[in-house]
Amino acid sequence: SSMEPEMEQKVKDQHMERCVNLLVDELGVYSTAQEAWERIYHVSALEALHIRNGHIKNPSAQTKERYQEFLRFENDFSNCLAVSALKTKFGPHLLSAQKILNQLKSTLISPFIEKVSRLIDENKERRANLNAEIEEWELEMQDEREDLQYCFEELTEMTQRLGRCVLNDQIKTLIPSAVLSFSHPFHPEFPAQIGQYQRSLCAHLDNLLEDRVLQCLSIPLQRKILDMEKELGLQITEKSCDWQLIYGLDCQSYMSDFQPDLRFRFSLGFTALWHRLEGNLPLHSSPFRTQKLRNGHKKCLPLPPLVHGNHWQMLESLVKSKGSLGTVLLGAMAIRSFNWPIVMILGGLVGSFYMYEYAAWTTAAQERSFKSQYSRLLQQRLRTDVQQTVSGFELQLRQHLAKVRNCWEAQSNETLNDLNVRTAELTKQIQSMEVLQLSLKKFRDKGQLLASRL
């Protein structure tokens, strides 16, 4: 009882002893009396309730002691409930969560981090290889661009050299033979028929010269260009295979003012002999002769004329006069210089030769004369346009080579752009993988922190 302190302490000791025996000896909850002593409480629940409700204004010392014991009981009881709950319910869940975290770390997060790291390294290596390939491709493009320029210059020089050679050769050899072998009805007595003959001859020469130039110049150039395109790796199209130089020859335009001279001319006539003599003998306007100086150069000195200029003018007027005065004077000089029989024999020979040439001056001979005059004039005029024609060939070649260059540049830039696109895609993949790797590492760190807290 609370009114008898001695009895209260005695009863308390008895209860303490009985409870210790119960907990240690009978129940075996604790192994020592000290542990059991700490779990024995002497409290009054009603008294503690009154104190908390404020019914006891001035509690005694024993009341305060019992209230403190009750507070210790509440604290130990709540801790016991918490420990019991952890052991019976929350403990297995915490262990299961910790096990799941460890499994996630070992089977998912760590391998995933390693996989992402390996992919990042592989993509970085691949990007480095692509960058090296881009640099190598740019250097290769520069080298190929220089080689292409050199090849273009070589083809241009070849076109100039071969074109000039082919044209001169065709003008020198093909035109005379082609004109001579041309066969078409020839009627010199009809001017309209001569014009038709000339137009047919021009068309024949146009086709023949164009075909020869195509075979000798265009086809070799086309083969070299195709070989160059194959070396550059360009796609050979039908347009590239069909390319050829355009050589539009129009002989009719060159010979539009051609007027053939089909009159009979005696080869031993005075005019013919005069032209031959005029071409062989140096006149007062003859070419200059050269004299070598001490310094190695040559000095031009005029050749002295065999006959004075005044004498040539007199002879020319006599020979070329339309009257018979020249013939009479020359005949008188011949009779005076030679005997009559010799003059008659020479006259007979000259007359016989004249009759032979006049009889041989047939339509075929006139056609040969026409072809000879036509061939000489056409050769002369074509030679003057050789350089202009070669320049036209060069311009066509440069235009085609410019198209080849543009095609090569487009293909090279397409390859370079493809490499740059692949590099950019790898860079994006690397960045996204790095972000993923960082997130995985954060999750791993949070999991480790949660596992340590559990």
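Cβ coordinates come from backbone N, Cα and C, glycine included.
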As Swiss-Prot has it, region 'G5 motif' corresponds, among 18-21, 30-33, 314-317, to residues 30-33
Taken over the coiled coil (112-162), the predicted model's pLDDT averages 88
Other same-chain positions with a Cβ less than 8 Å from the region 'G5 motif' (30-33) and lying at least 6 residues past its termini are 20, 23-24, 39
Simplified DSSP label at Ser44 (GTP binding site) comes out coil
Neighbouring CB atoms within 10 angstroms of the CB of Ser44 (GTP binding site), all protein chains considered, total 15
DSSP puts the residues of the topological domain 'Cytoplasmic' (362-454) at 90 helix, 0 strand, 3 coil
